[in-house]
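Copied over from Swiss-Prot, here are the features:
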- 134: active site, proton acceptor (ACT_SITE)
- 22, 23, 24, 25, 26, 27, 28, 29, 30, 46: ATP binding site (BINDING)
- 16-273: domain 'Protein kinase' (DOMAIN)
């Protein structure tokens, strides 16, 4: 047995699964592992059926391994029916869970989170040529004690210009709905939707009521707005304009470039957060 297999074998033998932490998702099962020799060290293991596995997920882990906003991977192994990825366990809630407990976040915290998220996406785009393709509340963690945003779950990442169409409908840009090839603009549009949700406690910019489930037809129709007043649930005018700039229907008028987005007055202005 070579050194890598020996290391993996020892690691698996030394870990205990914390059953209460198990989470089952559409593209895999996740459970938390307690590494007994180190007493307190926890790892997250994602198990993916072989037919749902994408090597791009491993590539992104490898390519972004030194980035503070990406989750470190320690092992990846497979059987004939499944793959498993063992990575750092980040002990904090995702943004969906945060909104469930805290409601709408204050502007300063939203700016802090969105700035870090934009930086992480820009680094992913420029360093690897990958599009995350599933930016949403559930895939972004904010660890308040570290003041650190983590962008996670790389299972739907694809190279720019790939002709694949996956993700979460309520974050789809008009071009993604029209089944254009992967583009960086997909991620930036999703950031606009995510920012709106943070500012409103989980509401979607195009829903008519808090309990409405948006379908494809509703998204197609309501994306064609051209007045920031439609985003009236966001009271701060700079914040409202930021969301508007990232979610405008007309691609030529929309903010789709990191430098342009980072200079927006909402992100560039000073806020008393820390």
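Quick reminder: no glycine exception, Cβ is built from N, Cα and C everywhere.
Local packing around the Cβ, expressed as the count of other Cβ atoms within 10 angstroms, is greatest for 134 among the recorded positions 30, 134. Recorded residues residue 30 (ATP binding site) and the residue listed as 'active site, proton acceptor' have their alpha carbons 17 Å apart, per Cα-Cα distance.
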